[in-house]
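In what follows, a structure is listed as structure tokens, so that the remarks can point back to it.
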Amino acid sequence: MHSPATPSTAIAIAIVGAGLGGLVAARILQVHGIACTVYEADAAADSRTQGGSLDLHEESGQHALRTAGLFEQFQQLTHPQGETMRVLDKTGTVFIDQAPGEGGGAGRPEIDRTALRDLLLSSLAPGTVVWNHKVTAARALEDGRHELAFANGTATTVDLLIGADGTWSRIRPLLSGAVPQYCGISYLELRLSDAPTRHPDAAAVVGPGILFALSDNKALMGHGGQNIHLGASLRVPQDWITASGVDWSDTDAARNALLKEFGDWSAELTDLIRHCDQGIVPRLIFALPIGHRWEPSPGVTLLGDAAHVMSPYAGEGANLAMLDATELALALVEHGINTGQAQTNQAQTALAQYEAAMFPRARAAAEASAAGLDLCFADDSPRALLDFFTGMPTSP
Ligand SMILES: Cc1cc2nc3c(=O)[nH]c(=O)nc-3n(C[C@H](O)[C@H](O)[C@H](O)COP(=O)(O)OP(=O)(O)OC[C@H]3O[C@@H](n4cnc5c(N)ncnc54)[C@H](O)[C@@H]3O)c2cc1C
């Protein structure tokens, strides 16, 4: 691992959010000797579970890690078996059972989200991430700088502000009035830990990689491995989670409610619900409008979900966040942000260069994600997804 060079920047750079995007940006800036501070709402690195696996794409997630000088460590953390894919319907009929290296999974190694985040965190200069600093308000000052107010009662002023704070970004309103909209899909997050040992049948149904079990606008979708992470997803109105009257914090009640929703699914699939761990978490899928963009504004930009949150059905969000972060950091380096001269103008040119490439890229991915949602959630699923993967219609 390259150690970050001694930071020498003359300007104060704040990255809000220590997700994958914010951390990649910080790491690449530091490798080039540019100091920055990452303000994170969470109290500590382990205060929240980070979810299941991610497959990182060559041109985005993997490119980011190469640029960050972390690719070799990343390779040691991947699990090649995770490139498998299984597509089933509610009866348990297996339509696709793809081994590692076959088809679309090839060259997209899977890594556990926590392992990836820890790799990035450990690569940063000590003290880079300031935990327990939830931004509650961000205000533009007259000279292009910004003031950040934190929930813990403190405040700071920064020269360059990078919003990497996800779907409900507090930085976004400085640039755009857009608000993420509900995509029509709600899901219940399920986990089966130590699956190969404790739930071998479930591990076999899911496989080590990605599972799509789809029928009737419903899905059991997620990743296998040591711990299975699944979403039991439904196309339902936005208030369904609350209007259902279910106490989702009561695992038994949540399991029973889900088993009712998936009542005509095969037992091997509903066993994934029956045997999940305590703690079922309800979540809703939101997306910004496709093509979301903003006019350039001095001293501030967005990356990742803060800029273009989209539904997860093209598997692009984390990859894009990492690519955004890479391109933004490299643009700041290229424009000499650490030379101590004419910093504000140089930063503006770098932001404009980054945004000009990011907007069309995000638009294309958001279109693919919206199309992916309709491939997965239809009356006759998984037909459309099978057509997509095989490249030919399975029915007239
Ligand atoms: C079910 C599901 C499955 C997915 N599967 C995939 C996949 O297979 N492949 C893929 O590429 N993508 C996937 N995604 C998308 C991916 O998770 C996101 O796009 C990615 O995490 C975005 O990274 P980010 O760094 O922009 O934001 P985030 O990961 O959301 O990080 C934002 C950070 O900012 C912090 N924060 C938030 N608000 C504040 C505040 N006010 N002040 C300070 N800190 C704050 C948060 O605590 C968090 O640490 C999936 C998403 C979902 C919901």
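Cβ from N, Cα, C; glycine included.
Predicted automatically and left uncurated, TrEMBL annotations should be read as such.
The following features are taken from TrEMBL:
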type	residues	note
BINDING	Arg48	NADPH binding site
BINDING	Asp55, Arg113, Asp305	FAD binding site
DOMAIN	12-176	domain 'FAD-binding'
DOMAIN	300-367	domain 'FAD-binding'
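Ranking the binding-site residues Arg48, Arg113 by how many other Cβ atoms lie within 10 angstroms of each Cβ puts Arg48 at the bottom. Taking CA atoms as the reference points, Asp55 (FAD binding site) and Arg48 (NADPH binding site) are 21 Å apart. Only Asp305 of the binding-site residues listed as Arg48, Arg113, Asp305 bring a Cβ under 6 Å of any atom of ligand 1; the order follows the sequence.
Across the residues the record lists as binding FAD (Asp55, Arg113, Asp305), the two Cα atoms farthest apart are 17 Å from each other. Spacing of Asp305 (FAD binding site) relative to the residue listed as 'NADPH binding site' is 18 Å (Cα to Cα, whole number). Each residue contributes its Cα atom, and for Arg113 (FAD binding site) and the residue listed as 'NADPH binding site' these two points are 12 Å apart. In three-state terms derived from DSSP, Asp305 (FAD binding site) belongs to a helical segment. Candidate binding-site residues: Asp55, Asp305. Fewest other C-beta atoms within 10 angstroms, Asp55. Per-class residue totals from DSSP over the domain 'FAD-binding' (300-367), listed helix then strand then coil: 47 helix, 3 strand, 18 coil.
According to DSSP, Arg113 (FAD binding site) is assigned to a helical segment.
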